[in-house]
Every structure is written in C-alpha cells, then in structure tokens.
Ligand SMILES: NC(=O)c1ccc[n+]([C@@H]2O[C@H](COP(=O)([O-])OP(=O)(O)OC[C@H]3O[C@@H](n4cnc5c(N)ncnc54)[C@H](OP(=O)(O)O)[C@@H]3O)[C@@H](O)[C@H]2O)c1
C-alpha cells in the first residue's frame, strides 16, 4: 500500500460531474510507479462554485488541477497567464498554481499529436479532414497546424465550422453533406464530434471513398473501438484510437505538478482501459 505524508503534493481533476473521469487512475498509476509522495483526487465542483473554489484549492496547497466539462472556459477566465494553445482554443484543461497566480494550458492538441506519432502516423503527411468544430476540434486543429498540416473543418452546424476556420487561418470549410464524397482528397480523417460515444448515436460516415492508406482517428475512447475505427480496420485503413490521446494529454500536467515526466506505455493503457 502506498501511503502519503503530511508534505504530500496534491493535484486533482475538476468537473461536474467528475465520477466518470479516468484521470485519477492515470495520475495515481504514475505516482505509484515513481514512488512520489503525492495524490491526485476527483474534485466535483458545481459551475457556480468554480471561480471561488479554484483559488481556495491553490491556497490549500494544491499544485494544480485538470479541468474537464463544463469548466474549460471558466478556467481560461481565471488565469493570469495561458499558453498559446489555450489562447487559440479559448479553453484550458490544465491549471498550474504558481506563486505569481494561476497559469493555464490546453494539452488536448499536444495529446492528440503525440498519440498520432505513437501510432506511426505523421500529422502533416497530407490534407486533414476534421469532423466537428467544438472545443476538442479547436485544440487539435491548432496543434496540427503547428505541425504544418493543412486542415479542413466540416461540422453539422456550418456557422461553428466557419467560426473555427476563421480562428485558425488558412483552415478551409467543407459542407457537412459533402464529407463522404470528398474523403478521397484527405490523408487523415479525425472524428472530434461526440457521435459514436456510449449512449450517443453512431457517427454517420461511410468510408467507401477513402484513399488507400487513409489514417482514421477517433477521439472518443468509450468504447475503445468505435464503429468508425472498426470500419477503418475492416477496410485496411490505419485506425488511431482515442484513449491514447487522453493518456498523452495528461503528461504535461503531471510533469508540472510532480516534477517527473511520466511515460505513456502499454501497461498504463491496459490499466486505464480496464
Ligand atoms: N480522447 C480525449 O482525450 C478527448 C479529449 C477531449 C474530448 N474528447 C471527446 O470528444 C468529444 C467532443 O468533445 P468537445 O469538448 O469538443 O465537445 P463539444 O464542444 O460539445 O463539441 C461537440 C461536437 O460534436 C458535434 N455533434 C454533436 N452531436 C452531433 C450530431 N447529432 N450530429 C453531428 N454532429 C454532432 C457538434 O456539432 P454542432 O456544432 O453542430 O453541435 C460539435 O462539433 C466528446 O465526446 C469528448 O468526450 C476526448
């Protein structure tokens, strides 16, 4: 059994609800692996309480927290400093409590690109089609552009696709109805919508027109293999699952709070997938 002392370093994940979060499992696995005197705990915080509870956690000695739905924009608003990804996304998923105030970063894009590389997929091997224009698409689109990728956004609500493309020039927009016919023009397809997740309808996406070698990434991780990924695999395309992104996006926070850069490996994947 791993015991913590009176000087243990503390971090956690804030959300409402937060009981479904896999982040405690990720961070506590790393803490145990590295023999660190620390703990990472779930912190269910109501939206109305978020602006007052976060500074209180900093005063109570926490090193920082992860931020999940619905607090990512509220977290952005309370930071004295944010990184470039957070600024472009308008959202923060990692807070670091420093003597100078609360600093925020958005590690979703970093996690996505790191997971692509882990699967042997080059982020800028060819044009990228992003399905969805929500918070995750913002962070991922910005990170892919930094890698030199040419991105196109398609979304059910065209105004949101246009707004995201305007925030990430020179991103292009494709009408949602044309996503299947145009698929042959792309080297990487990414689902960033919530479709395909447990309790959600499946993503309507026929892969008949895929170019050979198309990489198909889904950021949904429950189920581990979505219908989109199963279809890609059945056609001999390259599937990239979403749980790896969740593991990789956790690395920068852990490193800032606990002073060690942890490894994402098969053993961690199995523990978090279980
Ligand atoms: N693997 C990871 O580490 C990771 C990280 C972040 C998020 N995620 C997952 O990614 C998903 C999206 O997260 P988010 O924060 O970007 O959510 P969000 O901001 O709410 O965006 C949701 C997106 O899904 C689209 N959508 C929802 N229902 C749809 C439908 N019936 N038909 C077509 N499009 C639909 C929305 O389109 P409209 O604009 O038309 O509404 C929007 O583009 C979530 O399931 C989340 O759990 C995974």
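Heads up, the Cβ atoms here are built off N, Cα and C, so glycines get one too.
Taken from TrEMBL, the feature active site, proton acceptor applies to 72. Other C-beta atoms found within 10 angstroms of the C-beta of residue 72 (active site, proton acceptor) number 22, with every protein chain shown included.
Sequence-distant neighbours of residue 93 (shikimate binding site) (same chain, 6+ residues apart, CB-CB distance under 8 A): 66, 67, 68, 72, 75, 105, 106, 107, 108, 249. Look at TrEMBL and you will find 21, 22, 23, 68, 93, 108, 249 tagged as shikimate binding site.
The NADP(+) binding site annotation in TrEMBL covers 84, 132, 133, 134, 135, 136, 155, 156, 157, 158, 159, 160, 219, 242. According to its DSSP assignment, residue 135 (NADP(+) binding site) is helical.
For 13-95, the entry in TrEMBL reads domain 'Shikimate dehydrogenase substrate binding N-terminal'.
Sequence annotations record features per position, and here TrEMBL assigns domain 'Quinate/shikimate 5-dehydrogenase/glutamyl-tRNA reductase' to 128-194. Model confidence over the domain 'Quinate/shikimate 5-dehydrogenase/glutamyl-tRNA reductase' (128-194) stands at 96, taken as the mean pLDDT rounded to a whole number.
Among the features that TrEMBL reports, domain 'SDH C-terminal' is placed at 242-265.
Ligand 1 lies under 6 Å from the Cβ of none of the binding-site residues 21, 68, 84, 93, 159. Taking 135, 155, 157, 159, 219 as the binding-site residues under consideration, the smallest Cα distance to residue 23 (shikimate binding site) is found for 219. Counting only residues at least six positions away in the same chain, the Cβ atoms of 153, 155, 157, 160, 161, 163, 164 sit under 8 Å from the Cβ of residue 133 (NADP(+) binding site). Counting same-chain residues at least six beyond the ends of the domain 'SDH C-terminal' (242-265), those with a Cβ under 8 angstroms from any Cβ of the stretch are 9, 11, 22-23, 26-27, 30-31, 33-34, 36, 38, 63-64, 66, 93-94, 96, 105, 107-108, 110-112, 114-115, 118-119, 217-221, 224, 226, 272-273. Put plainly, the binding-site residues 135, 157, 159 were compared by Cβ crowding within 10 Å, and the winner is 135.
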